[in-house]
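Before any comments, here is the structure.
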Amino acid sequence: MELITIILAGILMGAAAYLMLSKNLIRIIFGTAIFSHGVHLMFLTMGELKRGAVPVLDENVEAYADPLPQALILTAIVIAFALTAIILVLALRIYKELGTNDIEKMKGDPYAD
Amino acid sequence: MTLIHLAILLPIIAAVIVGLSKKYSKRIHTGWLVLPVPLLIVIYFLTLIPDVNRHDVLYHSMNVMPNIGLNFDVYVDGLGLLFAILISGIGALVVLYSIGYLSHREDLTSFYIYLLIFMTAMLGVVLNDNVLGLYLFWELTSISSFLLIAFWYNRERSLYGATKSMLITMGGGFLMLGGFLSLYLITGSFSIREMIAQVDLIQASELAPIAIVLILLGAFTKSAQFPFYIWLPDAMEAPTPVSAYLHSATMVKAGLYLVARFTPIFAFSELWVWLILLTGLITLAWASFNAVKQDDLKAMLAFSTVSQLGLIMSLLGLGALGVHTGAAEELFTVAIVAAVFHLINHATFKGALFMLVGIIDHESGTRSLKRLGGLMTIMPITGTMTAITAASMAGLPPFNGFLSKEMFLEVMVNIRHADFSFLSDVSILFPILAVFGSIFTFIYSVILFKEVFLGKETEDTPKTPHEAPWLMLASPLILSLLVIVFGLFPNILSQTIIDPAAMGILGTTTALDTQIYHWHGFDSPALWLTVFIIVSGTLLYMTRHHWMFIYEYHKEHFTLNYLYDRGLVYSRISSKQLNDKFVNGNVSHYLAYVLGFFVIVSIYTFIVNGMAIDIRTASPITLQEMIVVTIILIALAGILVVKSRMVALILLGSIGFSMALLFVMFRSADLGLTQLAIETVTTTIFLLVFSKLPDKESYKYSVKLNIPHLIISVGVALTAIIIGYSAYSNRLFDPISQFHIDNVYDLAAGGNMVNVILVDFRGFDTLFETLVFAIAGLGVYSMMRLRLNTKKEGDDHEEHIDESRL
């Protein structure tokens, strides 16, 4: 399964990179959200998958899945959410101020003044 | 730290004091505070003369950065001492002169700070044994020269001259550093003395020619040799005391010092001898030829300085020839003696001439030859001193310039006796160039005196000219007296200063016992050459209106200045074009560079180092998991192509929820729960934002396939996959997870390991994460409130999430 999740994570990151390279701010935000999915999946895979039970202490269980990547990913999910939220609102605000979500139109003319 | 170190650093210490005492020095000219510094130093160095003549080794080491070999090692021999005396002695005179020259209205504090920095830098260059230290001080002289040329920084010409001098001399200095490093590669030492000791190694090395060329480029740029001399005439925008000090007496001689210092190391090389000899003579001839056409007195003196530097340079080349052949040593030690002697003489007469021209400029308001004339009756003292020093420059007896000029001519004639590659075949060339240069030197010396002081008064000057105050006359007077004294009694110098310096250049300790005579008899070729120079120079001067037209053929497009200006313009244009092309304000471009670089570097690393994939330990694949993976892939493909943002958002949500499913399948229940909650909230926020964003701002236009972006994305995917596989296959450490599993109950009294890690083992981490979250929440809130006044969801979400993840 690790083989497949690594490839899936790679594809997620590649697709996210493609989205992030586009001009539209909404697509860029989609890209960052998808990128974090890819990273989380990669991270989880690095801790090896399905090597034991859910990491909740139990007398009868011999082996647990690796809890450390899970804890880290949990943090990462929340931070990724905060990031998505703030850039979404930023995009909204930018649209209100500049009337566009096209980052090429936002830059203006650097030699204007 | 010894007294010598202190002497070198004293000016810079004084600079700090001058800077700090700015407030209190309003009533007295700052120059009076500065004057004792060079005086003290020159007295100290004069007391060192007997020590050096006894060949005592004055070597003191001081560690600065020993790990990289950068030390402040002072080494005083005859050569270094001569320069040190020149620097501090002329320095004292220049400071005295500047007190009269610069008025209270100027920014005196800055002026003297720069001047003092220069003094330290220059002393550091000539007394340093460590080439890295020498390089640092060398560049410091360029910096202080830049600051001094640009002293009147609101004049455009000053800035132009300052920039030009800095670009050329610092560029050369940088190349010189390359030469030093090649020497280090050969000998493994940064000490000049140790390099001299290992001269056999250097001779055998293939790097030696590179080191020679690079070091000579440093010397030639600094000493304004052809074709790098173009910065010196423009450096004349500096205040005249600076021109007299830096750009004639001391700094431009740093290149000569460098050549002299490295003569024992490189004299074996034909390349070294040829380059120095030819560059020096061409510079001499070309610059003196050009000096004649100048109208500005300072420009004339600048070209004259260039040509005199060329003269000394060529003498040093001949001196190296003597060391090289060994056979005709007698003949060529004279060249070294002449070089040292002329170096001193040039400092005296040219320093004086600059100060005198400064006086003329100061008192009449112009330096243009066309507007000056007949000043002798008005400025008799200045006129007399100009006559003496100009005569010395022209090589007339009985002044000191005559003596060294004769030695120079004699050596140039004797070149035909040299047994050195094909030199004897072209030996006639050297006296011709030397005489050519000398004739024109004679002509401009005559012009300098005659056009300014004789003839009719022009009454065209901006100010009514009058004799300068004694304060300004004192320094040129001292120098003019030295011109006469050295001219009449040259042997007071020969054994005390010249011989030790020449021995330092030759690297010997055998005494030279130089005696300098005025009269060599009628069979001396130099005598007849001098007569020839005076006669033909006079004739050419008389008839100058008939031949001056040749300067008209000097087309602007073929000058070196034109080349420099165009080069500067084109390098600016092309760097701007390059910059505009790559730094174009387009964020996705930048991201493409970042990702592209990352992809190329990683893939290159994997190609070069190879990679091992070990997947034997992979866990089994189940059908449910494959279904979820397929859903994610389909949704992903959908997001890339759909034209509606709502559809894309639904697909994004399905990816998020599928991720939650995957987490659950991979035995991470907490992750699944969090992901579910977060995905719900994310989608909600997206919807809210969409409701505020009009749909016409759709994202249809960017759905079109972009091939370069596609390539980069595929590269990113591949790189991620490769890194993932190799990281998975090659574990460098045992995971630390077992510690958490073992201790989760004993240390933290909890059962859910993920939760315990978050709130206990890594509790601070989580605390700060909450802080980040709160800041994000505040950001969202303020961005909304600032104008829209509609939403408070931002804060609500935050609490929502914190609860849900626990």
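In case you wondered, yes, glycine gets a Cβ from its N, Cα and C as well.
Here is what TrEMBL says about this protein:
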type: TRANSMEM; residues: B:31-49; note: transmembrane segment
type: DOMAIN; residues: B:67-112; note: domain 'NADH-Ubiquinone oxidoreductase (complex I) chain 5 N-terminal'
type: TRANSMEM; residues: B:111-128; note: transmembrane segment
type: DOMAIN; residues: B:129-425; note: domain 'NADH:quinone oxidoreductase/Mrp antiporter transmembrane'
type: TRANSMEM; residues: B:134-153; note: transmembrane segment
type: TRANSMEM; residues: B:165-187; note: transmembrane segment
type: TRANSMEM; residues: B:207-232; note: transmembrane segment
type: TRANSMEM; residues: B:335-360; note: transmembrane segment
type: TRANSMEM; residues: B:372-396; note: transmembrane segment
type: TRANSMEM; residues: B:526-543; note: transmembrane segment
type: TRANSMEM; residues: B:590-609; note: transmembrane segment
type: TRANSMEM; residues: B:649-666; note: transmembrane segment
type: TRANSMEM; residues: B:672-690; note: transmembrane segment
type: DOMAIN; residues: B:710-785; note: domain 'MrpA C-terminal/MbhE'
type: TRANSMEM; residues: B:766-784; note: transmembrane segment
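The stretches the domain 'NADH:quinone oxidoreductase/Mrp antiporter transmembrane' (B:129-425) and the domain 'MrpA C-terminal/MbhE' (B:710-785) are not in mutual contact, being linked by fewer than three Cβ pairs under 8 Å (pairs 6 or more apart in sequence). Long-range contacts of the transmembrane segment (B:590-609) within its own chain (CB-CB distance under 8 A, at least 6 residues past either end) are made by residues 582, 708-709, 712, 715-716, 718-719, 722-723, 726. Taking H, G and I as helix, E and B as strand and the rest as coil, DSSP gives the domain 'NADH-Ubiquinone oxidoreductase (complex I) chain 5 N-terminal' (B:67-112) the counts 31 helix, 5 strand, 10 coil. Across the domain 'MrpA C-terminal/MbhE' (B:710-785), DSSP assigns 64 helix, 1 strand, 11 coil.
Per-residue pLDDT, averaged along the domain 'MrpA C-terminal/MbhE' (B:710-785), amounts to 88 for this model.
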